[in-house]
Amino acid sequence: MKKLTIIGNWKMNKNSQETKEFLDVFNTEYLNNKEKISDSIVFGIAAPFTNLYLFNKNDKLKSVAQNFSNFSSGAYTGEISASMLKDLNVSMVVLGHSERRQYFYETDETVNLKTHQALKEGITPIVCVGETLEEYEAGKTKEVILKQLKGSLKDVNDFSKIIIAYEPVWAIGTGKTATAEIAQDVCEFIRKNTAANVTIQYGGSVSPANIQELMNQKDIDGALVGGASLKPESFIKLLTLNK
Ligand code: PEP
């Protein structure tokens, strides 16, 4: 089986108690389902900063950040640096999620700065791209994706060190998944415009019911999952590809 990278994105959900409860059930369910989870699946949770320390105790489940600063240290009130994340064994960071682009004014330029900071610090950036419903309906998907790729990944030379998440904005948290054909078509376009060795995730209402079909697509190497990653039983089902 090809290598798959499946990451849950918890957004601003779960306090420390709720995180501990998730991990307790997850650890038990993981042992119960271990033989159904392929060794070629890499998995983790992008949790709020304040709870990342709780993932330290679990060697299988990677701790992933949802954002970080493009600066190394200094007078940047409210920011979190790469070295602070590395203290907590964080190995990946989600960058340019559409919610950060929409509500916190992140641009391709800031995503590009953060991508280079992550690469410099040895943290794998998961760079999100995706079109809005309006752009999708106007047939502009590939034009938008190309612009985001060019801006967010400017001067990136080694694509084997990054993950690109294709997340159509109209599919995030809406229950509307892109069909496997649409997702494959856009992910193939992303690979052609980056490099053969880049890891490409699909995200947008991925669930136990549709994960297998999506992961079977040639150019889809994993998933970035919001809602369906919040319950341990459901997250396990994503990892077993619903077996
Ligand atoms: C996401 O948060 O990146 C996401 C894809 O959310 P959902 O799976 O809930 O659509």
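Positions of Cβ are set from backbone N, Cα and C atoms, glycine also.
The candidate list Ser38, Ser152, Ser205 contains one residue that TrEMBL assigns to the substrate site with Asn9, Trp10, Lys11, Gly173, Gly226, Gly227, namely Ser205. Of the chain residues outside the substrate site list Asn9, Trp10, Lys11, Gly173, Ser205, Gly226, Gly227, Gly8, Ile172, Val225, Ala228, Ser229, Leu230 have their Cβ within 8 Å of the site's Cβ mean position. Sequence-distant contacts of Trp10 (substrate binding site), defined as residues of its own chain at least six apart whose C-beta falls under 8 angstroms from its C-beta, comprise Ile45, Ala46, Ala47, Pro48, Gln66, Gly226, Ser229, Leu230. Taking the Cβ of Asn9 (substrate binding site) as centre and 10 Å as the limit, one finds 25 other Cβ atoms among all the protein chains shown. Trp10 (substrate binding site) falls within neither a helix nor a strand when secondary structure is assigned with DSSP, and so counts as coil.
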